[in-house]
Amino acid sequence: MRLFVGLGNPGSRYAGNRHNIGFMALDAIARRHRAAPWRRKFQGEASEAVLGSERVLLLKPETYMNESGRAVAEAQRFYKIALDDVVVFHDELDLGPTKVRVKRGGGNAGHNGLRSITALCGNEYWRVRLGIGHPGDKALVHAYVLNDFAKAERPWVDDLCDALADHAALLAAGEDAAFQNKVHLALQGRGWDDVRRVGDKQA
């Protein structure tokens, strides 16, 4: 079994926030792969799905971002899931909008959700870094990630989540490079190969 974790904050107040793109990705995967109904478990919302030939536990921690590791650690212990089988979907300021990078281990880049998971579970889990762009000034980051995606951003967010869901079976099978490439090609095919953050001017 693999564990797919989407990071975000619980409740309608945060549902459309840039920081919640991990939740959005998991919701899209659950819909596409006809996952079981979400239920309260492991200090979050949990579901199960079969992606390709792999059984996958889907988890959206409801601990708030800074305590995400508590939910991940509980689910990991219950199912005895190895850290190498844990995949975390999260927002990434250091990637432009629509850009996706998959990596194992590495730093937390100031992301409190990743910091919590690393502290409680270890560092060698997989990250699916979902680019949201950077506001350009460190002082603006907090407000930027806790604001909703702008109306103009919603089309690429929806297409990104659809592409992640379409190719999630590759990720479940451990084919991370193929997954990343397929998602990139899907977004490129929909015209999202040079998306700027809202407010940025085209070069």
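Cβ atoms are placed via backbone N, Cα and C, with glycine included.
Secondary structure at H19 (active site, proton acceptor), as computed by DSSP, is helix. Annotation comment: Swiss-Prot describes H19 as active site, proton acceptor, evidence class sequence analysis.
In sequence order, N9, P10 constitute the residues six or more apart from Y64 (tRNA binding site) in its chain with CB-CB distances below 8 Å. Per Swiss-Prot, the feature tRNA binding site maps to Y14, Y64, N66, N112.
All protein chains shown were included, and the count of other CB atoms within 10 Å of the CB of N9 (site 'Discriminates between blocked and unblocked aminoacyl-tRNA') stands at 21. Look at N9 (site 'Discriminates between blocked and unblocked aminoacyl-tRNA'): DSSP puts it in coil. Per Swiss-Prot, site 'Discriminates between blocked and unblocked aminoacyl-tRNA' is recorded for N9, and the stated evidence type is sequence analysis.
What Swiss-Prot records for D91 is site 'Stabilizes the basic form of H active site to accept a proton', and it gives sequence analysis as the kind of evidence. Long-range Cβ contacts of D91 (site 'Stabilizes the basic form of H active site to accept a proton') within its own chain (separation 6+, distance under 8 Å): L7, R18, H19, N20, I21, G22, H111, L130, I132, V145.
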Residues close to tRNA site centre defined by Y14, Y64, N66, N112, Cβ within 8 Å: N9, H19, T63, M65, E67, S68, G113
Recorded tRNA binding residues, Y14, Y64, N66, N112 - maximal Cα separation rounded to whole Å: 16
